[in-house]
Amino acid sequence: MARAFPLERVRNIGIAAHIDAGKTTCTERILFYSGVVHKMGEVHDGAAVTDWMAQERERGITITAAAISTTWDDHRINIIDTPGHVDFTIEVERSMRVLDGVIAVFCAVGGVQPQSETVWRQADRYSVPRMVFVNKMDRTGADFLKVHGQIKDRLKANAVPIQLPIGAENDLKGIIDLVENKAYIYKDDLGKDIEQTEVPSDMVDLVSDWRLKLMESIAETEEELLEAFLENGELTIEQLKSGIREGVLKHGLVPMLCGSAFKNKGVQLLLDAVVNYLPAPVDVPPIQGLLPNGKEAVRPSDDGAPFSALAFKVMADPYGKLTFVRMYSGVLEKGSYVLNSTKDAKERISRLIILKADDREEVDELRAGDLGAVLGLKNTTTGDTLCASEEAIVLETLYIPEPVISVAVEPKTKSDMEKLGKALTSLSEEDPTFRVSTDQETNQTVIAGMGELHLEILVDRMLREFKVEANIGAPQVSYRETIRASSSGEGKFARQTGGKGQYGHVVIEVEPGEPGTGFEFVNKIVGGSVPKEYIKPAESGMRETCESGVIAGYPLIDVKVTLVDGSYHDVDSSEMAFKIAGSMAFKDGIKKCNPVLLEPMMKVEVEVPEDFLGSIIGDLSSRRGQVEGQSIEDGQSKVQSKVPLAEMFGYATQLRSMTQGRGIFSMEFSTYEEVPRNVAEAIISKNQGNS
């Protein structure tokens, strides 16, 4: 079957931003103007096409990244609308991993917010080219050039306006295209009757200044363009367009556009810019991966190359499990068998689907550059590689952050107990930041996630989708343990109870590991003092002990263990004996390494009227917060701080009462830091009292 669109005319893009910047409304307008939907859905009415979960429609926020295909100007555009709430950061993360370009949406009033910085960093991590759409230009306080300054200062991006608004707030009449040097005046509320005209006389000087700045920025990206600019004093429209595109692809510049998605202004011009400036799959570097022999290899974006794809999302569906895939190379056909190279498992492709939010179109094949979904995969989870069996490769996977908060879940009845297991399995398959474990002491089921809202949504889904009635405990902070010193440890397990005994003996060295390494094991046994077959069990005993720590029962992180010596018995030694000896040696060593407790620190930004600044800073300090910066603009104060998560429960209610409902805040995970001794002692004694 021939391609519907050549690869050069495919765009895989994401729409990402801070919560409430207007991403979903922006996506809705794109679908309306490109003909996918014939009636505009509004987020505040709970009718947005991309918000298809019940919770999304109720809360007016996007939780899961909905993938939609549409067309514009003879191009296929695959769009992922990502959530802006920090608790759903994995949805943004996995979207960035499979996209070729991003539209970063900013509110013309709020500008750069903390979550904007997080999304920007995620796009940086995967080197995703991007453009900026400054939305909500119709709102009171909208200021396009202020947002331009914030993007340059706070995000350190070379933001270059390629448009200017004509008017602002209630007086937003249209948009200036700096590339074409034309004005677009909107004549109706639907944004379909647009008059193209000359630049208004009162804006000629301003437009001339910004057009010159645009030319200078583009001339700096390429020597040929610089010569043309110096020779002629300006660049042609074609040179401007090719220069912007080249600058975007090389991450040299970020074009800035503006409009109001809600008021239907600027969306068609945004679609034109997506087609003109964001990359096709063939414009980005080919995906890298590892061959079975450990050598690096690449897969070009080409139908003729061996098939490879990345599973970037798994979702429960009334018809079975839906696995979203980004096709990187080759062709995937319905009914074929492929290899899951991450798990070394064969998979059958039952059905292939292209999605339009909760609408779907069955297809016979997916090709390089496509975003689609597969029905019927048994073993594939988020981050797995699918490839041709005879041309195996494992692609770079996803970065998955650790959960920071947990709650105990107790089913109300026996039938709820049976349904709970199924619900938790299904939800954890969908969301890798959602973890399920059993508390060894209480035998309770514990679920962990990225924040209170994250767990609230998941518990809500258990009730709605899986009909599980459960009691939910109070939120608990996910503390960690680590060590600050080095030492050695020894474990000898010897039992003689008639007949065959048990014997295992290991000696280890323990030291702090590099941040982010978790548990690192090195085998330095020489001369066979511990036979090869007992090394893995000894390591396993240490890893298991790591899971429950040594001072307060929390997982131990960033520890390096080196196995240096030991002994065995020809008859009595066994894998179990060495597993126990490994655990004993680990506990012995860790206790001598100055173990400490770590807690998740949150980056908290609070925005309040100036009058409340003093009480806000005082309150943050009382919560063990460290104020890292503050600013005052138009009577509004912004305070940036780092606060322990343990001190932030119930903060929304407290902030409302302190500011008479006029304060807002955002919070995201920053890092793990050592808990002060007096606080740590209370946590440790509480945990030891419970054990």
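Just so it is clear, glycine is given a Cβ too, placed from its N, Cα and C backbone atoms.
Annotation source Swiss-Prot lists GTP binding site at 17-24, 81-85, 135-138. Residues annotated as domain 'tr-type G' in Swiss-Prot: 8-282.
Over the domain 'tr-type G' (8-282), the average per-residue pLDDT in this prediction is 83. Cβ-based neighbour count (10 Å, all protein chains) for MET137 (GTP binding site) stands at 27.
Neighbour density for ASP20 (GTP binding site): within 10 A of its CB lie 18 other CB atoms from the protein chains shown.
Following the DSSP three-state reduction, the secondary structure of ASP20 (GTP binding site) is coil.
ALA17 (GTP binding site) counts 29 other C-beta atoms within 10 Å of its own C-beta, drawing on all protein chains shown.
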